[in-house]
Structures are given as C-alpha cells and as structure tokens.
C-alpha cells in the first residue's frame, strides 16, 4: 500500500500543459475484505469455470434455420455438416447468435443503468450515499463478487458500470465475422456478458432505490391495483410504458406538489409501472407488454409516456389511430418525433392537444412531469371519458366486423399459439354467441400478427377483447410493491435450511409474457410450490401477471402469502433490474451463512451455489433478449433455469447427460478424494412444454449434492409426489438421488425400498431396513463438494486429487 503525503505543484510558468483531475483519493482505501483471484475479470479469467460447466452441461442447439446470413458472403447453407464461406459450422453459428442475443440484453440493462446513474449524479451529486436500510449490510453482492468493490456512493457505481461496458464491447467484438471458432468459447463469452448484465441490473436498481427512496428490503410493502379495469374513467389518465422510471417520477412529483394526485389516474405498463408503484403507491399497474394494445385500443390513456425497452415498435401508430398524444423520452426510442426540448411547456401542450403533432420527443424529465398532466386533462375534457373502455361503438359494429371473416385461417397459421380464431368467428356468425371468441382472450398476446395476415383487415384483437369484455374488465387484482434486496437477517435465518435442504428450494419466477397457455397457469405453478413451503421470488412481468389472477375467494397470491424471504413466502423484488437481488440473495447465502469471501471471488461463490443452494430460475413466458442474458447470467452463477416452450427459440439449452458417469464428480474437501455423484442438478437451462412438466422439473432441479438426509428426504418427497400427481407414476430417475434409506420419503419408505430391490437390483437389509448396495454414493454428513481445483487447494491445503 502507498502512503499519502502532502505536496505542492507550481503551474504558473508551465506552457501548453493540460491538467485533468480525476477521482481525488482522500484516504487510504478501506480493506473491507481480502481481494480474491478475479476482480474485474476479463473474458479469459473465468473461462476455466465456464468450461467446467459446459463440460458437464453440454450445449444443445435447436436452430430455427440451418443457414447463416450474417454477412454479405452469405447466405450460407450450414446443413449436413457444411460450413459457411467464413468457415463456421452450424453449432458455432448458433452459439454466436446466442452470444449476440446476450450482448443485446446486457447492453439494454447496462445502458439503462448508465443513463440513470449519470442523471442521478447530476441531480443528487456523486457523493450521495448508498443506504439500503439497516438490515442490509452486504449491499451490492454482485458488484462485490464480480467487480471487487464495495460501493458507498452513487459515484462509486460508475466504476462498476465502466467495467461492465468494457466487457460488453469486448464480447460483442468477438461476434464479428472471422473471430471465434469454438462454440464452447462463444458460450463462455455469452456467460461472461450475461454476468456483466447482472452487474448492470444491480447498479440500476441500487441507484434508483437510494435516490428515489424506493422500499429498502421491506417485506411488507403496500398492495397496488393491477389489471385491465383498474382506472376510474371519470378521471384524466396518464399511462407510462417502458423500463426507465426517470421520466415517470416527475409526473407523480408534479401532481403531488399541485395537490392533484387524486384527480388523475397514473398507471403503467411493463417495468416502469413496477417502479412507479415503488415510488408512489397511488400509481397502478395495467400489466405487461401484452396489455399495451389492449389499453390503447380501449382508448384508456389521455396521454402516453414511453421510455425504453419492451415497447411496441408501432406505439406511435397505435396511439395516432386512437387520438392519444405520445411523449417519447428515451434516446433509445425517439420514434421519429421532433425534439421539443427547447420549447416552452405551453407550446408543447398546445401542439399535442390541438393535434398539430401526434407526439413529441422530450428527453427532459422535469418538463415531462409538467406537460403530461396538462395534456391529459385537456384531452380528457374533449371526450369526457366516453371513449374509455370501448372496443366498438355498438354491438352492431362488432357483428359487422365479425361477419367479414371468410375462415381463410391466415390468422391461425400466423398466430404464435395457433389460436382458432376462424372457429370463434364462424360460431359467432351462425349463432351470435361470442363465447368461443371470448375463450381466446386469455391466451391472446395481442401481438397483432393475425391482423397483419387478415385479407379483410378485420380488427381481430378488438373483436376478441370485446367478446371477453366483462371478464377482461374485471380481471383486476393486487400486486405487492417491489421490495428491492433481501435483508441480511432473512438470509441468516434461511441460509442453513436452504443449504441443508430443509427448505426444499427457491423458485425464482422471472421473465416475460410469452406464455404457451392462459395466464392463470403461472399462478397454478407457483402456488404448488408456495403450499409446499418453497420460497418463491419474482420480478418483472411475472410479478405483475400473478397479481391479476384471483382464486375462488377473490384473492391473489400476494394476498394469500407473506412477502418475506422465508419458507412459503412470495417475494416481489420489483422490476427487471431488481432481478439482481435474486442472484444477490444466492450470493449472500454463501457469504453470510458460509462465510465465503465475496471480493473478486466469483468462481468460488458460483461453485458454492451450484453444489449447495437449491435455487431454480423459472421463465414461463420468455421473449426478450434481456430474458436470455438474465437466464445465462444465472447459469454462470450455478443456478439452473427452466423456460417455457417458446424458450426453445433462444436456440440453445444446457442439458447434462446423466448416463455419462464420468461427467458427474466433485472434489470432497473432507475425504480428500474425487467423488462420483448423482446428477444434481442435471441441467442448467431446459425448456418444458406443459405446466405439469414445469412443476416436476422445478422440484427436481432443486436437488443438490450437499443436501442432508433430511433435506434430500424433503426434496424427494415433493419430487415424487408431484410426479405422481401430474403423471400418475414414479419418475424414471428418482433412484439416482437416493444415497441411503434416510433419503426416502417416510410414508413411502418400505414401498420404495422394495422397488429399489426388485427393479433396480439394489441390496436391502430388510431386518434393519437399510440400503447395503446400490447408490452412486453413500451419504456423508461432512461432505464438502467443489469442482474448482483452486477452491479445493484453498481449504484442503493440498493439490486436488486426480
């Protein structure tokens, strides 16, 4: 370490000298933890860890096409083991596409973080302190583990962002034609850039929590209105859409300052809605991206404010058709609108209200806060609320639209879910009964592909929404406001039962709305685990989706289950960027419970999570590039992820091969031996077709090598019971997870011992009811697994065995 001394520099006689003062170091840096081996890692520093994962969980590719057209030497046919003009083969080409997708996702969150941090530093100063509440002492666990710094101020977050941005550029460079030729190294780069994505997310959410005073790790946050029919149509309605709350916040501030917050409806779509409710609990949530056209076509907004990410690319066109003024705010989506930053507020309001301009680009948050309420009130006075919640002017107009249909089935062929719109139309034409059309609404993504394909230009979405209007309007519920990080005290309480298996697992429901069936399936899947005392954490679109679905008693899951991070708890961390707190919780278990150091120590922490923390990510409706990078970042951390059937379109899965016995081993620090183990977890990324398959996979992937007898018994009980419930028999692979008779579910022990003896050839001592021979390995209470040689050497004090 260096010693700081006072000194002087005389510059009065210097010529042609430029002096720049960077970060001023006032005192020696606090040594909060010894630095690990990989602070601010580059592409290569964690490559060895990635290759260990990829050796066990081999990439499986499901290309949507067998050609490449990424450069002008193409398109190149890569089928039948052919190579392209640049020499690339099909698998490597798909690995490159996956890497590009992860780069896009990571850049979205990191650019969001950069925009937010720079703005907040300008507003609050770079010395504004990071305070996440008295119960969070291990703040920024991802930044600590990856970047190796302990951020104390907003200014410190720039250091983490500088690292993330550099790595994103380096990985994106590798995808240029004529670079990488190894699919495994592309996958390693995808993992690397996705880890940077997690850093970007953590920076963004920490910044907005501390600057905007969002809830700070509070389990019992307010419940807010969620769903289509949430707004009072007798009030002017301001609708925000996107993922950056920077531009929506001033609207709430302006209304509060004017004492008029109760005279307006302030509601949102997508993650800006989440973060608006974290800032002001009077805000409301319409829903995810699939509700954007629903809300616009119903004429609900009197003004719309768009920022960035997951917003329809025809938003302006859709708003123009309904006479809804649009204020675009983000440089990521200026939407071809004129920049009115220099205009006075009155001129902007007049241009929008008069219809001279259908929309404006206004990247100044404070002006947005003033303009939006004035425009909304003026537009509302024009129609008096009469246009709200109307898809057609009359029933006759609805039937006139339905009668245009000739059942050509173009809509069916283009629909992502192949919904039988033709049958619903035909039934309505013959009988006047809209029930078959109404049934389609629950599964409709409102993507508009059907309308594009229709030769009669039928407003199919309007028809479907109007057919199910009563149910759609009343599909309202409650979402618990995003709480942000998990408390250290919560981690301290659940760390041991999670690692030992007494809490059977953590299910992290994160992702988009591209569901294969009705939205209620996400509730059914998650409630199965809540009832079984798993911890369920959620964020983003999934978090708001489950706030819309009620049970027979009229309650949502948020109203039935507590918000604390404990067995049977349902935790909403917040928006997309709040996903970071879910990964952060896994990291904090390793640190707070197991005392593993975090600083620049990524591989050891990920190794700990893989072998001990029974957490599984779940994205039932994956759709975006951000979802791809979020999932891949979890994979690098050792957390498996289950995706719905549309997840196959990401083109790649990480699936282990249990029959390859030589792939399933660990170093046991206690016995100083290389030990062959059960395949747990046996996949890092896997797609499922049905909700039944999703439930069973999630339960199975919570099993970890480090489970105690009691923990394995609990996990096997749930796995077997769920398989029997949904498939009617025992799972094919249950026996590989049995290490001793104590692992077996108590009420089925005798039955299962008999099955092991008769069907699997195991030797059973029936007098003692003990397993004598058969398991892959026997249970050892001191078992201490790792797959990282350096971790073994660190704790065993010797070279790893061969």
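Think of each number as a place in line: the chain as shown, counted from 1.
The backbone N, Cα and C atoms fix where each Cβ goes, glycine too.
Just so it is clear, the model here is predicted, and its values are computed rather than measured.
Among 444, 447, 454, only 454 appears in Swiss-Prot as part of the [4Fe-4S] cluster 3 site alongside 405, 408, 411. Listed by Swiss-Prot as binding [4Fe-4S] cluster 2 are 68, 71, 76; the candidate from 86, 102 that the record includes in that site is 86. Every protein chain considered, the tally of other Cβ atoms within 10 Å of the Cβ of residue 408 ([4Fe-4S] cluster 3 binding site) stands at 13.
Secondary structure from DSSP puts residue 109 (CO binding site) in a helix. The list of residues near the domain '4Fe-4S ferredoxin-type 1' (395-424) in space but at least 6 beyond its ends in sequence, with Cβ under 8 angstroms from a Cβ of it, reads 432, 434, 436-437, 439-440, 443-445, 447, 449-460, 462-464, 466-467, 514, 516-517, 646. Sitting within 8 Å of the Cβ centre of 405, 408, 411, 454, and not among those site residues for [4Fe-4S] cluster 3, are the Cβ atoms of 406, 407, 409, 410, 421, 422, 425, 450, 453, 455, 456, 458, 460. Of all the binding-site residues listed (310, 541, 576), 310 has the fewest other CB atoms within 10 A of its CB. Those same-chain residues not listed among 415, 444, 447, 450 yet with C-beta within 8 angstroms of the centroid of the [4Fe-4S] cluster 4 site C-beta atoms are 411, 414, 416, 417, 419, 421, 445, 446, 448, 449, 460, 461.
All protein chains included, residue 411 ([4Fe-4S] cluster 3 binding site) registers 24 other Cβ atoms within 10 Å of its own Cβ. Note: the domain '4Fe-4S ferredoxin-type 1' (395-424) comprises 17 helix, 0 strand, 13 coil (DSSP; helix = H, G, I, strand = E, B). A Cβ within 8 Å of the Cβ centre of 243, 271, 310, 512, 541, 576, the residues given for [Ni-4Fe-4S] cluster, is found for these other residues of the same chain: 270, 288, 289, 309, 540, 575, 624, 626. Counting in whole angstrom, residue 512 ([Ni-4Fe-4S] cluster binding site) lies 23 from residue 411 ([4Fe-4S] cluster 3 binding site) by their C-alpha atoms.
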